[in-house]
Amino acid sequence: MLLKNCETDKQRDIRYACLFKELDVKGNGQVTLDNLISAFEKNDHPLKGNDEAIKMLFTAMDVNKDSVVDLSDFKKYASNAESQIWNGFQRIDLDHDGKIGINEINRYLSDLDNQSICNNELNHELSNEKMNKFSRFFEWAFPKRKANIALRGQASHKKNTDNDRSKKTTDSDLYVTYDQWRDFLLLVPRKQGSRLHTAYSYFYLFNEDVDLSSEGDVTLINDFIRGFGFFIAGGISGVISRTCTAPFDRLKVFLIARTDLSSILLNSKTDLLAKNPNADINKISSPLAKAVKSLYRQGGIKAFYVGNGLNVIKVFPESSIKFGSFEVTKKIMTKLEGCRDTKDLSKFSTYIAGGLAGMAAQFSVYPIDTLKFRVQCAPLDTKLKGNNLLFQTAKDMFREGGLRLFYRGVTVGIVGIFPYAALDLGTFSALKKWYIAKQAKTLNLPQDQVTLSNLVVLPMGAFSGTVGASVVYPINLLRTRLQAQGTYAHPYVYNGFKDVLLKTLEREGYQGLFKGLVPTLAKVCPAVSISYLCYENLKKFMNLE
């Protein structure tokens with residue numbers, strides 16, 4: 001059995017110094033991120049060209065977080081890393097002979113191969129396709145392993161015939177020693193608690209992803225799937241979030257459309273009675289309470305979910321495009337700024353990316369949004385329900401103004417969504433980045449090893465959503481009234497944005513611009529929190545980050 005501590009402290013220090021010298025390409029005793037990238041290129045390391053992996057490794061090496069790694073930093077990193085590597089080696093080296101054969105690695109990697117092999121199949125013979133894939137990984141990770149390949153009977157090999165020469169070394173002949181294992185994984189970042197997992201993930205992503213078709217076309221299959229995954233995760237998150245908060249959305253639309261209801265918090269009951277002399281002062285209640293009673297009287301609990309089916313149809317592409325476009329736009333901004341990773345993107349560019357993503361999402365689903373508001377503003381005593389109400393409303397809209405009516409107020413909507421999405425996505429990203437940096441410093445860990453708990457994500461989402469919704473609420477209210485104009489609940493008709501603004505101020509004053517803000521925030525806080533919570537967890541589940 002191999003002993004971990006077979007080398008003396010002096011020998012280990014000499015080895016660390018030699019390794020550091022290979023990374024110190026400028027020979028000044030300090031290694032920067034650019035130096036590390038150059039060293040990987042110069043030494044033909046398997047991860048050369050993978051700036052993301054090298055940056056993660058550099059972050060782990062930079063123990064004191066001064067953006068420079070010296071020999072002292074490297075020794076601390078290496079000592080901690082080798083302890084982890086040794087433990088991993090022991091788990092894989094089941095016969096404890098101090099060597100790991102390709103079959104032992106195959107058994108371990110089969111668990112990591114996108115969970116394509118179930119635990120109850122591990123004892124069965126692996127398919128030739130998977131064996132070939134793992135063998136390619138073995139050769140990629142340990143290109144110098146041939147010094148330790150057990151080539152038995154070399155003398156007899158020279159006497160082989162031409163046919164015999166075509167036979168390759170068997171899998172059982174391939175192995176790596178602990179020293180080779182350690183030297184490779186020492187310069188691999190650690191994700192999800194395993195350096196081997198990280199190495200195999202990068203190999204699979206950047207080497208196995210390129211699939212040559214019969215015509216020789218190169219298609220980046222997994223890269224496409226990875227990018228598309230952000231859209232899928234965003235869409236699912238939006239559907240879950242919107243369904244959970246549908247009643248609040250119904251109340252918001254009801255209050256925005258009803259201009260005859262005034263807040264009892266901002267107005268005294270005497271003032272309200274002056275506007276409506278026939279009202280009973282003892283029965284004057286808040287608009288929110290009146291909305292709840294009216295909706296419940298209309299159809300019970302189901303009344304609070306009117307339009308939610310349409311909401312789901314709308315929110316999946318909207319949320320999908322918002323989150324997916326945000327990730328794509330951040331990558332574009334990263335290239336424009338010359339950053340190596342989206343995590344290094346400036347706050348300004350992050351906010352801009354969020355705003356652009358919101359605009360793309362809003363424009364794509366605007367007709368569905370308009371139809372939804374029209375359905376929710378139908379007469380409370382209408383005999384049409386469900387799909388019948390939906391289809392009849394759509395027919396009436398098309399008959400009244402054609403497709404153009406479905407895009408009424410789109411300019412206001414696009415302009416209004418930019419600051420909201422920018423503040424929402426940008427603030428959440430900024431909070432997430434700040435928290436990870438703070439925790440990494442407190443726990444003395446690399447930032448890539450800091451994970452966000454669900455209890456942290458929820459308040460972050462609530463805060464970012466509240467900030468965004470509050471700032472742009474007046475624009476959102478005016479847009480909604482433009483969309484709902486001429487309906488039973490909102491019979492007024494406007495000539496444009498300026499007209500709806502002036503008439504709103506004339507009828508309700510400045511407080512009218514914030515009517516429905518309370519139920520909106522009551523909806524936004526949990527909605528955005530749930531959305532981000534689902535999105536962050538789905539990204540982890542789908543291995544998107």
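Each residue, glycine too, has its Cβ placed from N, Cα and C.
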Given 15-32, 231-248, 429-446, 483-500, which one carries Swiss-Prot's transmembrane segment label? 231-248
With Swiss-Prot as the source, identify the stretch among 67-86, 167-186, 307-326, 387-406 annotated transmembrane segment. 307-326
Scan 188-205, 458-475 against Swiss-Prot and say which stretch is down as transmembrane segment. 458-475
These are the binding-site residues: D93, D95, D97, E104. Which one scores highest on other Cβ atoms within 10 Å? D93
Six or more residues beyond either end and a Cβ under 8 Å away: which residues meet both conditions relative to the transmembrane segment (409-428)? 322, 326, 347, 350-359, 361-363, 366, 369-370, 460-461, 463-465, 467-469, 471-472, 475-476, 478-479, 482-483, 497, 528, 532
Same chain, not part of D93, D95, D97, K99, E104: whose C-beta falls within 8 angstroms of the C-beta centre of the Ca(2+) 2 site? Give them in sequence order. I92, L94, H96, G98, I100, G101, Y175
Counting by DSSP, what is the helix, strand and coil composition of the repeat 'Solcar 3' (452-541)? 73 helix, 0 strand, 17 coil
Take the Cβ of K99 (Ca(2+) 2 binding site) and count every other Cβ within 10 Å, whichever protein chain it belongs to. 18
Summarise the repeat 'Solcar 2' (345-434) as counts of helix, strand and coil residues per DSSP. 76 helix, 0 strand, 14 coil
